[in-house]
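Presented below is the structure to which this report refers.
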């Protein structure tokens with residue numbers, strides 16, 4: 001009943017944060033203890049299981065199998081032969097006792113024979129276990145060899161497929177290189193032809209410009225001469241007569257030009273069969 005007023009008093013004075021912080025530390029400490037106990041139990045269980053496995057492997061002369069993952073082989077550690085040596089020693093000691101003791105040792109013959117029979121039975125059981133283990137190991141080795149052979153066959157198939165794909169890729173690369181070189185040769189030829197044509201066109205343009213300038217110069221000279229002739233004719237003729245004379249001269253000049261054009265056309269028509277015959 002008094003806890004709530006105390007808590008309210010602490011919150012009023014600003015001590016609630018301190019209380020919550022201390023509680024969080026306590027909870028963290030408790031969680032750490034629980035984790036430590038859990039891991040201790042796990043470690044103890046693993047230790048007990050390892051000791052039990054070791055006891056089972058070492059007791060009874062069971063062969064221990066060691067797997068070599070790097071070379072895919074199995075090494076079998078043979079059981080200890082100490083019991084056999086002990087039996088032999090016991091046999092030798094029993095024979096010596098028989099020889100030394102004489103009639104006294106005959107009383108213990110029955111007990112020794114029973115122990116020898118038990119030892120032989122144990123040996124036969126151990127030999128059967130060894131034979132069974134060897135058979136299982138041989139079967140495992142055969143299975144692993146078959147798996148290794150299958151893996152080698154798969155690797156060989158992949159290698160041949162990779163080699164064929166590499167050859168196809170190289171052939172495609174060579175074909176593309178040849179096509180590229182042929183295209184480059186054609187491009188260089190077209191470029192040279194275009195450059196030559198441009199040079200020829202430039203020369204033709206320059207020659208035409210020169211002829212145009214020459215014609216303009218000649219035209220200017222002729223116009224000057226015509227002005228001089230007009231001035232001379234004005235001294236003897238009227239302007240109307242001069243204009244009529246110019247019209248007649250222009251007509252005659254045009255007629256002469258038409259005749260020259262006709263002669264050129266005839267010459268071209270005559271020369272065309274000659275050129276065709278030459279081409280044939």
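Note that Cβ sites are derived from N, Cα and C of the backbone, with glycine treated the same way.
All TrEMBL annotations are machine predictions without curation.
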Correct range for region 'Disordered' (source TrEMBL, candidates 31-79, 80-128): 80-128
Secondary structure composition of the domain 'GTD-binding' (132-230) [DSSP: H/G/I, E/B, coil]: 99 helix, 0 strand, 0 coil
